[in-house]
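These notes are about the structure you will find just below.
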Amino acid sequence: MQLRTVSAREGLLWVQSGFRRLALQPWAALLMIVAYIVVTGFVSALPIIGLVFPLFVVQFGTLGFMQASRQIAQKQPLWPTVLLTGFRSGPQALRSMVMLGVLYTLAVILVLGVGSLFDGGAMLRLLLLGDKPPASAIADGSLRLGAIAATLAYIPVSLAFWLAPPLVAWHAMPPVKALFFSFVLCVRNIKAFALYAVQWLLLFLSLPTLIMLVASLLGASETLAAMLSMPVAIAIFLAYILSFYASYESLVGETQASAITQ
């Protein structure tokens, strides 16, 4: 395993990698994410476990998306079962992945708790319970302030968990060590990640909005304009999740990942 420091420009290459791999197997990638959403949505509807399952399963999803991108690059067929990669990496890796899922769930709840200090828990209740925020929290700006605080608190969490799933599953690192290495690697390459994040933010905000604007100018209804922008938004999201592996490949390398159980 190699731990690398790369230039800021590498962040742009990660974004491009996502689109290139999406172009190779777009329908398989779409089927994969639909399966992920359906299963997550179904379990989320269950009492008690459904409240935290979407957070817990993020680490397994991240590993599955990385494996999907890797298989596309190697011209291997892609099926939704790739999402089970975390369950197929051996008993030790599975235990570590479960621990990552638990730690990530607790970390996100803590992040939402930070936001609650500013909005009185409005965002926490919205995301976990589906409760509509009170009008007062919107009117006085406390909900927005809480969202900003939670976003800032989430940044170090994101850095710690970004590379942790493959480090745990493919390199047999203990969860805490993987979180540490992921955080250090991401901080060392913060310029590349900043450029990566900014480019995705611009793509998510600009392209669907531009399509809706052009459609409206051509006389399309609001509903039709939104429908026309939806495929673009979906394509951007698919390219985004397929770009995760490029950052791992760039910063960690492929040395031991070749031993992954398919």
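Keep in mind that glycine also has a Cβ here, set from the backbone N, Cα and C atoms.
Features of the protein shown, as given by TrEMBL:
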TRANSMEM  21-39  transmembrane segment
TRANSMEM  97-118  transmembrane segment
TRANSMEM  143-164  transmembrane segment
TRANSMEM  176-194  transmembrane segment
TRANSMEM  200-220  transmembrane segment
TRANSMEM  227-248  transmembrane segment
May I ask whether the transmembrane segment (227-248) has at least three C-beta pairs under 8 Å with the transmembrane segment (200-220), counting pairs 6 or more apart in sequence? yes
Cβ pairs under 8 Å with the transmembrane segment (176-194): which stretch of 21-39, 97-118, 143-164, 227-248 has the most? 143-164
